[in-house]
Amino acid sequence: MHGGLTKALRSSRLARRSVHSHALAAEANRATNALVSLKFPDSPPAEKGPLSGLRIAVKDNIVTRDFPTTCSSNVLKNFVSPFDATVVHRIRENGGQIIGKANCDEFGMGSLNTYTIHGPVINPFPLSKVGLNNDKRSAGGSSGGSAAAVAADICDAALGTDTGGSIRLPASYCGIVGLKPSYGLVSRWGVVSYADSLDCVGVLARDVETTSCVFERISEYDPNDPTSALPETREKADALSSQRLDELSSALAEGSLHGLRIGIPQEFFPSELSNHVLNRFRQSVQLLKERGAQIIPVSLPSTSYSLSAYYVLASAEASSNMARYDGIQYGERIPTQDPSDLKKVSTVYARTRSSTFGPEVQRRILLGTYALTADAFDNYFLQAQRVRQLIKDDFDRVFAMPNVRYAQPSNTPAQASQKVDVLLHPSAIRSAPRLDEVETAASSLDAYVQDVLTVPASLAGLPALSIPCPPSSSETEEVEWPIGVSIVGQWGSDHFVLAVGKFLESAASV
């Protein structure tokens, strides 16, 4: 399957190299602030693997032995890991070139890539479409640097992390493809933790083929990662996906989606959703209907509470993970002028953490610490866990494929016919916001609501692929900023989701 794909990708990369030199890539990086470190190899690598010649950027919260890993935080500004993360090792052993580290929100906490010691990432879309202008917009976050590097053609693909939408939101804003895999399919060993039960390593690229090729090489069982899905669980999920793809293969070969059941979750159209996004999404749905897909409205009632549950759970886990950065065990220590302060451990902690953590990280530590206190534990943390389980149950209820992680009876043919193969929804409530709007926002809640459409799949641990919406059918002289549409599948159906994404991508380009 991947032999022809690998050759095609390699030839397209070589062609692009001739028109996009390292100097142009460096210039694009200066314009976007996408990568915080950038180094191209002195000579082309030998063809030694399926990712040979592929230039890949790595988000700055994934450790690399030859680049600093700062997590965009002062507390780790001088840290260089002695080893590579598992995903980085697999990229290298398959021939990929790691060219640098991508800017991100501090420790992955943010939706607009503005909480960073390296400065905000600028969306490269206007650079490629209308030339450099003053309409500077966010690239999204927290994997904004990864998305911008791909969109600006600085690299062919990038690794990012997605906790509540940090790959899909930037992919939508920058007009590229972004995959958040099923939780546990890609190793987290060597990823600096934000929220362990939610963090996923994923892929951003310009097209679904490249995304799929990179994902294929990094999605293997890793005994070093206690959350890595076991081989037998992966095999069961792959078998179900392959079976469903085989059932649809005849139609797909003829350019049709006949037999594919796509659910439209009714709760994913909040009041904050812009009319422009809604209209573009409707055009995507119409395109799928014209290709023979069956569009089915579905309800996921508990997802209405997902944003609140997510920020309680993620912040609680963050408060625990951030406790290690105290200036004694880990992280930069802020010097003290008074020697007596060194006798007070709490003083060293407080001085280091208040000086090196940014405002958003401090805010989430406070929120998470409060949620874990005795007075708030039942009403906040445990209640959020209950909501999370209800959200998982909602998704399992509408999917035709069973969730192989749980012991449950398979759907009968009659039951399966009333359910859906994938879900489709807008990736974001709007197109990329202007950076000056972000900087003058009255409340951090304005940024939190950007994740309202992406956190349900994160809480359920499901695969979600954001791809660009087809161009608008209306004629206008104004530049249309990118808008993404997300395809969500049952746990472990990542290859099926990618196949549907590939078809929609191809149909949109006709």
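Placement of Cβ uses the backbone N, Cα and C atoms for every residue, glycine included.
These numbers come from a predicted model, not from an experiment.
What Swiss-Prot records for K59, S142 is active site, charge relay system. Residues or ranges marked as active site, acyl-ester intermediate by Swiss-Prot on the basis of sequence analysis: S166.
Counting in whole angstrom, S166 (active site, acyl-ester intermediate) lies 5 from S142 (active site, charge relay system) by their C-alpha atoms. Its own atom aside, the Cβ of S166 (active site, acyl-ester intermediate) has 37 Cβ atoms within 10 angstroms in the protein chains shown. A 10 Å cutoff on Cβ-Cβ distances gives K59 (active site, charge relay system) a total of 30 other Cβ atoms nearby, all chains included.
Sequence-distant neighbours of S142 (active site, charge relay system) (same chain, 6+ apart, CB under 8 A from its CB) are C104, D105, G108, M109, G110, S111, N113, T161, T163, S166.
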